[in-house]
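Visitor: Not my notes, these are from TrEMBL:
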| type | residues | note |
| --- | --- | --- |
| DOMAIN | 23-288 | domain 'NADH:quinone oxidoreductase/Mrp antiporter transmembrane' |
| TRANSMEM | 57-80 | transmembrane segment |
| TRANSMEM | 92-115 | transmembrane segment |
| TRANSMEM | 136-158 | transmembrane segment |
| TRANSMEM | 178-193 | transmembrane segment |
| TRANSMEM | 200-219 | transmembrane segment |
| TRANSMEM | 239-257 | transmembrane segment |
| TRANSMEM | 277-304 | transmembrane segment |
| DOMAIN | 290-343 | domain 'NADH dehydrogenase subunit 2 C-terminal' |
| TRANSMEM | 324-347 | transmembrane segment |
Amino acid sequence: MNPYVTSFLVSALGLGTALTFSSSHWLLAWMGLEINTLAIIPLMTQNHSPRSVEAAAKYFITQAAAAATIMFASATNAWLTGSWDISHLSHPASATIAFMALALKVGLAPVHFWLPEVIQGLSLTTGLILSTWQKLAPFALIVQITPALSPTLLLGMGLTSTLVGGWGGMNQTQVRKVLAYSSIAHLGWMIIVSQISPSLALLALTLYVVLTTSAFLTMKASSASSLNTLAASWTKAPALVALASLALLSLGGLPPLSGFMPKWLILQEMTKQGFPLIATFAALTALLSLFFYLRMCYAMALTISPNTSGSSPTWRFSTSQASLLLATATIGALGLLPITPSFLSAFSLS
C-alpha cells in the first residue's frame, strides 16, 4: 500500500478515536466510531487475499449493525428523556441496547462470534490494531454508560466472556485465533469491574494493550501463524522465543509478571465489594486461558530439535520489523508488577 495512503488511514484511526474520547454528544461519538470502522477496512484488505476480503466484509457488517443499534438506542433515549448527552443515558432499555451494541463492537461474549474469524483472516499487524486500538473508543463509551446499567448484566456478560475466552481458545491451533479468544477473556475481566471501579477497568485495559502488543509483535517477528510453526521458532531466535514465552505467561496472569497485576487488583476489589463467589469463578476461568498459553509456550520452547514437527522448516530471512516497539512492549509485559503502587496512584486507586 502507498505510504501516503497508509499514513492517511492511520491518521483517520487516531481522529476517530480522539473524536469519540472528546465527545459528550451521542452523534459525535457515533461519528468517531464510524470513522474508525471505515479507516481500518482498507488496512484489512491490503493483502488482496480472499480470506482478508472475507474478514473485512464480516467486520463491516458487524460494525454497521452495532453502529445502527447505537444510533437507535441514543435516539430512543433522546425521545424519552430529551437529552443526547452520553452521561444522561438514564432510561434502562436505551442503556441496555447501547451496551449490547458496544459489546458487539468490541467482541464481548455472547456477541463475540465474529472476532476470532475476522482476526484469523488478517495479518498480525492489522490484527494487533483490531485487538487494541479499535477497542479504546467503544470501551470509553462503555465506561461512561455503566452507571445506568444493571450490575447483573455486567457481571453476567463479564463472566461469560472470561469463560468463553478460556474455553474457546483451548482447541485452537492458529496463533491469531488464540490471541482473539485471549482478547475476549481479558475484556470480560474489565467488564466485571467496570461499574465497581472504572479506574481499575482502565488500568486493566492499559495493561491489556501492552501485553497484547508484545504478544502480536513477537509472533510477527518469529513469523508464527500456527503451533506447528511455533515449534520451529527456537532454532531461529532463541532469545526472542524465550521472551515470547514469558509474554504469553504474563497474558495468562502468572506472577511475578505484569499480567498478574490487573487480575490481582480486580479479584481484591471484587472480594472487598462482597462478591467472593464471582471472584472465585473468574479466577477459575483464568486457569482455562492459562492452559492454552502454556500450550503455546510448550510448542515454542520445549519442542526443540530433535522433534516431530509436522511442518517443513522455513527459510531464515532477516526481519525488517522495527524492534523498538517490540522491546518496549516486552519490557512492559514482563516488569511492571514491582511498580504497582505507582499505577495505583496514577489511576487514583490507592
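Glycine is treated like the rest: Cβ placed from N, Cα and C.
Automated prediction, rather than curation, is the source of TrEMBL annotations.
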Visitor: Can you work out whether the transmembrane segment (200-219) touches the transmembrane segment (136-158), with the criterion being 3+ CB pairs under 8 Å where the paired residues are 6 or more apart along the chain?
Guide: yes
Visitor: Assess whether the transmembrane segment (277-304) lies in contact with the transmembrane segment (178-193), where contact requires at least three Cβ pairs under 8 Å among residues 6 or more apart in sequence.
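Guide: Yes; at least 3 Cβ pairs under 8 Å.
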Visitor: Looking only at the domain 'NADH dehydrogenase subunit 2 C-terminal' (290-343), what is the mean pLDDT?
Guide: 75
Visitor: Considering only Cβ pairs within less than 8 angstroms, which of the stretches 92-115, 178-193, 239-257 has the most against the transmembrane segment (136-158)?
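Guide: Of the candidates 92-115, 178-193, 239-257, 92-115 scores highest.
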Visitor: Cβ under 8 Å to the transmembrane segment (239-257), counting only same-chain residues 6 or more beyond its ends: which ones?
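Guide: Contacts with the transmembrane segment (239-257): 182, 186, 211-212, 214-215, 218-219, 221-222, 233, 263-264, 286, 289-290, 293-294, 296-297, 300-301, 330, 333-334, 337-338.
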